[in-house]
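Undergrad: Before I ask anything, let me first share the structure, which is written out below as structure tokens.
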Amino acid sequence: MTPLDTKRPLQLNDQGQLRHFLSLDGLRRELLTEILDTADSFLEVGARAVKKVPLLRGKTVCNVFFENSTRTRTTFELAAQRLSADVITLNVSTSSASKGETLLDTLRNLEAMAADMFVVRHGDSGAAHFIAEHVCPQVAIINGGDGRHAHPTQGMLDMLTIRRHKGGFENLSVAIVGDILHSRVARSNMLALKTLGCPDIRVIAPKTLLPIGIEQYGVKVYTDMTEGLKDVDVVIMLRLQRERMTGGLLPSEGEFYRLFGLTTARLAGAKPDCIVMHPGPINRGVEIESAVADGPHSVILNQVTYGIAIRMAVLSMAMSGQTAQRQFEQENAQ
């Protein structure tokens, strides 16, 4: 379980500003806090009668999703529209990609149409980095999820949710529960929590759904729900990603729910003001009980709302960083 992006900060320009948003690995705490603060300021836009600001007017954002998505794709579309960008969403199932066109050829054709930014979701880990290295450097690349590797905007919207409900990270205990092995969300959340100073990060899963080397993320590993949930402030549930599983990692979904499903009884072991989160889609009766998903501890729908603001922040900051980099290069070329 080695991070793909521990070398040079490809995501940043020469001034240390966001240029692409590929992963949370290697990003400093100050930058993550800036993203959260910027998103906080954008939450007010969603309450307006006219939900628009002109920050990306005249810019074109292309959403290119090679995997199915509802929340991520829709919230990226809304985020770009609220920033006044022109938005194109490529339906990969009806595009030339379904006829054998390569990922790079698809994006280069879109690039030739003068797109300013690509939001890409792909099933291969490292796809976003590959695109950022090979597409025109003036085009910002935002990772909407790549394989098992990373889902940085989901990680940041989860951090915004925690901060708005808990005030900060320095004294929190956070448990991430479920299919850790196949979850890009788990990786992004572990990185973000560690960077933002959370002192107690726990992962709870059966041994077959824990990746090798997970200890490098500075987490405590539990294989018992009762023990792992004791006195936690935040529970982040993850779905079973059957589409990524090979072999008999689990006896059955029913057995998983019996041992690792979040029920009202199990949640009673957490702190009384604990919040429950889930990136979606929810599988009720598999990883979470309906009474918990719809109950007073749940902030799952808040996550969706905060997701729009986080994606507005990332889109605007990456576009600003690209513009600053071009100005820097022009000045130094004179």
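Cβ coordinates come from backbone N, Cα and C, glycine included.
The carbamoyl phosphate binding site feature in Swiss-Prot is assigned to R71, T72, R121, H151, Q154, G280, P281; the stated evidence is sequence analysis. Taken from Swiss-Prot, the feature L-aspartate binding site applies to K99, R184, R239, supported by sequence analysis.
Show me how these features fit into the structure around them.
TA: Secondary structure from DSSP puts G280 (carbamoyl phosphate binding site) in coil. In the structure as shown, the Cβ atom of G280 (carbamoyl phosphate binding site) sits within 10 Å of 17 other Cβ atoms.
Sequence-distant contacts of R239 (L-aspartate binding site), defined by Cβ-Cβ distance under 8 angstroms and a gap of at least six in the same chain, are G178, D179, H278, P279, G280, P281, I282, N283, V286, E287.
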Undergrad: Give the number of CB atoms, excluding that of R121 (carbamoyl phosphate binding site) itself, located within 10 Å of its CB.
TA: 24
Undergrad: DSSP three-state call for R121 (carbamoyl phosphate binding site): helix, strand or coil?
TA: strand
Undergrad: Within 10 Å of R184 (L-aspartate binding site) by C-alpha distance: pick out those among the binding-site residues R71, T72, R121, Q154, and say none if nothing qualifies.
TA: Q154
Undergrad: If you measure every Cα to Cα pair among R71, T72, R121, H151, Q154, G280, P281, the residues listed for carbamoyl phosphate, what is the largest value in Å?
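TA: Largest Cα to Cα distance for the carbamoyl phosphate-binding set is 16 Å.
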Undergrad: Among the binding-site residues R71, H151, R184, which residue has its Cβ surrounded by the fewest other Cβ atoms within 10 Å?
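TA: Ranked by other Cβ atoms within 10 Å, the binding-site residues R71, H151, R184 bottom out at R71.
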